Each structure stands twice: as C-alpha cells, then as structure tokens.
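Quick look at what TrEMBL lists:
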- 7-252: domain 'Nodulin-like' (DOMAIN)
- 338-553: domain 'NFD4 C-terminal' (DOMAIN)
- 1-21: signal peptide (SIGNAL)
- 63-88: transmembrane segment (TRANSMEM)
- 100-130: transmembrane segment (TRANSMEM)
- 136-154: transmembrane segment (TRANSMEM)
- 166-184: transmembrane segment (TRANSMEM)
- 204-224: transmembrane segment (TRANSMEM)
- 236-257: transmembrane segment (TRANSMEM)
- 351-369: transmembrane segment (TRANSMEM)
- 418-437: transmembrane segment (TRANSMEM)
- 449-470: transmembrane segment (TRANSMEM)
- 482-501: transmembrane segment (TRANSMEM)
- 530-549: transmembrane segment (TRANSMEM)
Amino acid sequence: MAGQSRKWMILVATIWIQAFTGTNFDFSAYSSSLKSVLGVSQVQLNYLAVASDLGKVLGWSSGLALMYVPLWVVLFMSAFMGFIGYGLQWLVIREIITLPYILVFLLCLLAGCSICWFNTVCYVLCIRNFPTNRALALSLTISFNGVSAALYTMIADAISPSSSALYLLLNALVPLITSFMSLIPILRQPSLDPLPPDAVGRDSLIFLILNILAIITGVYLLLTGSTSSDTASARLLLGGALFLLFFPLCIPGIVYARAWFRQAIHSSFHIEGSSFILVHDDDLELHKEQITRKASIHKNGLRHLISDNGSSYGLTRHNAEGCCESIVGRHQLAMLGEEHPVELLVRRLDFWLYYIAYFCGGTIGLVYSNNLGQIAQSLGQSSNTTTLVTLYSSFSFFGRLLSATPDYIRTKFYFARTGWMTVALLPTPVAFFLLAASSNSTALHASTALIGLSSGFIFAAAVSITSELFGPNSVGVNHNILITNIPIGSLFYGLLAAIVYDANTRSSYGISMVTDSTVCIGKDCYFLTFVWWGCISVVGMASSLLLFLRTRPAYDQFELNRIISSQLDLGQ
C-alpha cells in the first residue's frame, strides 16, 4: 500500500512539473515589451520564438543525460537552465543589463531546451511507475502543460498585473521552486512490483476521478483567468487554483479508504474494473503473435460484432479509386506496434504523412500562440492579450484531455486513433479562415479557442500514435524525430507572418518613417498570414486523412485480435 501511495505522489508531482514548466506558452504576454526594449523588427522577434522551439531539436540530450546521472539531477539541470535563460532575459527587459541580440537568442535557446528536459523527466516518471496505464498517465500529465500560461497569468495578476516583465521572472523562479517540491516523491520511487487484478481496477477508477478533477481545474482557470479583478481577488482566485492542483494528492487515499471500507464492512459489494481499454505494450505484443497465427475462431461473428460497436468501416481494406489508389495501398502497415529503427522510419510513407500532418496542424497552432501578442495589438485588442493567452492555454488543456477519449469509449465506439487526429485537425483551418473573414473581438476569441483545442489534442495524442505506428520501444527516438518539425515550422510560419507584418507596416507609415520597433495596426497586418496558414492547415488535414486511410486496416486488425483474445479468455 505504501508503494502504491508513493507512485500517486509521483504522478501528482509530475502534474505540478508539467503545469508550471510550459513557459513557452506565455511568450505573447511579454513579447511586445521585449521587442521594444531590444529595438528589433518583427522578423527578429520571430527568431527569438524560434530559438525557444529549437530546444526541442536538442531533446535527445536529456535522454543521453539520463544514461549517466540520476533522474533528479536531470530535473534540476532543467530547472537551472530555465533559471539562467529566463532570469537574464528578465534583467534585459528591466534594462538592468544590456546584452547583444545574439546572446538573447542563445538565452531563448537555453530556456527552450529546459522545457524539453522537463518533459523527458515527466515521460520517464510516468513510464516507470505506470507500466499498465502509461497511456492514461502520459495523457493526464501532458494535459497540464497546457495550463501553464493561464497559471502564470493568475500569478502575475496576483503580484503586479501591469508588469509584462514579471512573466520572465516567474518563468525563471517557479519551475525551480516546483522542482524542489517534487524532489521528495521522486527520490522515494516505489518498487516496480506487478499489480494484482483488484489494484488494476482501482487504478482505473483513480485515473477517471483525476481526469474529472482536471476538467474542473481547466474550467476554473478558463472562467477566472479571463476576468479582470483587483489584486486581492486575484490572490484569492490563485489560491483556488493551487488548491485544485494539490487536491489530487487526496484522491488515491479516498479510493483506497473506500476499497477498505467495502471489503471490511460491505464484503458483498465489489469494485468493477475499468470500462475502457488501452493500447499498451502487452496488447501490442499479443497482437503481433496473433496476427502471425491468422486466428480464425469465430472470426465472421466477431467481424459483425465490431461493426455493431461502431466500426462500420469494415475490417477488409477498401481501396481508394483513381489517383489516390496507389498512395493509399502502397507499403501499408501490416500491424501495429512493429518496431521501426531510424533507417526504416525515414523510408516509411506513413511517417512522412504523419510528419506533414503534425507540421501543418499542431505546429502551426503553436506558432499562432507565439504571435498572439502582436495579433491582438494589430487588431486593437492589446488589453485582451493576457485573456487570449489564457483562452489558448485553457482550450489547449481541454484538447489534451480529449486525446484520452478514444481509450475511454473504445468498447462503445471504435475508431482508429489516426482518424481521431484527422477530426481534431478540422477546427484549425476553420479558425484561420474565420480570422481572415472577420477581425472583431468575438472572432478572435472563438478562433483562439478552436486553435488551442485542436493543437492541444495533437500534442497529447502524438506520443500514443508514434508508439502504435512505429513501435513502443523506439518511441523515445522516433518521437524526437517527429517533433523536429516544431522549430522548422516555427521558423517558416513565423517568418511568413513577420514578412507580411513588416510589409504592411511600411505601406501604412511609409519607408522613411519605419523603425524596427514600429507597430503595425489594422486588419491587413495578418490578413494574408491567416489565409496562408488556413491553406497550409488544409494540407495537414488532407495528409492526416491519407494516413488514416492507410493505417485503418492495421487498426481494424488489431481490434479484431483484441476481441478474439477476450472471447477466448471468456471461453476458458
């Protein structure tokens, strides 16, 4: 029981780390002030945002560090990288020190690398301590990374709402404080004993309660973070948010007490097992064995059963017609979970379709969030910048939570995870075309919410998709290869936006009047950018659709084998 309690303390500590280390999401809150102090152009400001995202290219270094030093050392290395990267930027924006642009660029790179190292620590903690429910643990903890901007906004409002430079100081200090708070649970990791059947069901119940509590937390941050209030009220609201982050520590104890009470007092009752099924490593290994044996027991009846459960798409491959037939049918995945080393991964058409879908979907949403400060300023909504940042952050959080939906409803409605990704990409082009068509406050808020929801889902679902398509044992390397599209997209999309922005600035003021820090005002500042981003996101959705069509047979075969296995178990 003590070991089980410690693992839940580790999960809550991981939630805290994720909740307070998504520091790149509040870039828009201080970007305008940083641009003014440095006296740089919009293009140069975009390069600073790119530098933060470039830290993801160096994500492999955190895995290398874990091979030689304990996990808690890597945690504090991450914290001190952020402390130096953001702390020196705070001194610059407060004009206490002066640094050349290239050094500020390197500081942004260091700060971005710290975020990636924090993420690696969280992934390892979840995988080590929740081998059976690792997908749910990852989904839950990754979700809280999306509320960082909302939390930092609440903290800033509680201290000094008029200071945009305060965000940089908080980015430097809060992750370090959180690392110290998380140290004791991490040092006291439980032994990795297999869970008894009743513990598996109890863990599933705890995860369900934690997800409900997470939704409540997200709604609370959305409703309270979008309202302006005095300092006293802001501190009260911050206290409520911190309570919601600490309350999960009580949930496992309540569930364990409930189980003991039922066993001791009402022994005739029992706790039902989980009603959702996950695609984890054991399932994939069983799937590999079954697919080689070509199990045929009750196959026709089971095909009909899957159709009744919602998979009316059929378990046999439906070849596309016309020019798309060769694309859909060529070198399709035979089964899920097959390990793909790097040399095989880069030769897979499925990987490049996946790469393009992520590049044109989730990444473009992240770049939008980096530009929120200038977008709001150009539309005369500067006073609403923190509200927009909170809105994006909160809906990104909801999107990440929704990424676990396929696992919860799988027994009722089966749909390939790549199909869910295609559905999740749909709001992004809708939002960008809405922004291009209208520049009023309502459209800006609605589009920000849609983009946050869509990109949040993609970010959280990507880890599971990479594991299922290209192998769970290779997910660390393969996923780091996938997310190299983030700095590339940050550079490309951000540069496109900056060029359009500066071009409209010159046309508005005249070439002789323009300086690096001149602000562009009006709908035209981002109109072409929204059109281009909308078209690009359509390409991402089309790529995701092709990936779904190519991988659907493998997912359907996996589901067939799972149901065959469950039927055989019932027969025994």
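Positions of Cβ are set from backbone N, Cα and C atoms, glycine also.
All annotation found in TrEMBL is predicted automatically rather than curated by experts.
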Contact set, same chain, for the transmembrane segment (136-154): CB under 8 Å, 6 or more residues outside the stretch: 11, 14-15, 18-23, 25-26, 29, 119, 122-123, 126-127, 129-130, 167, 170-171, 174, 207, 210-211, 214, 217-218, 221-222, 224-225, 234, 237-238, 241, 278, 386, 389-390, 392-394, 396-401, 403-404, 407, 452, 456, 459-460, 463-464
Winner by Cβ pairs under 8 Å against the transmembrane segment (530-549), considering only 100-130, 166-184, 351-369, 482-501: 351-369
Recorded stretches the transmembrane segment (418-437) and the transmembrane segment (351-369) touching, at least 3 CB pairs under 8 Å: yes
Beyond the flanks of the transmembrane segment (166-184) by 6 or more, those residues with Cβ under 8 Å of it: 13-14, 16-17, 20-21, 23, 26, 29-30, 72, 75-76, 78-80, 82-87, 89-90, 93, 111, 114, 118, 152, 155-156, 159-160
Long-range environment of the transmembrane segment (351-369) - Cβ separation under 8 angstroms, sequence gap at least 6: 25, 27-28, 49, 53, 340, 345, 375, 389, 392, 396, 421-422, 424-425, 428, 448, 451-452, 454-455, 458-459, 462, 465-466, 469-470, 482-483, 485-486, 488-490, 493-494, 497, 533, 536-537, 539-541, 543-544, 546-547, 550
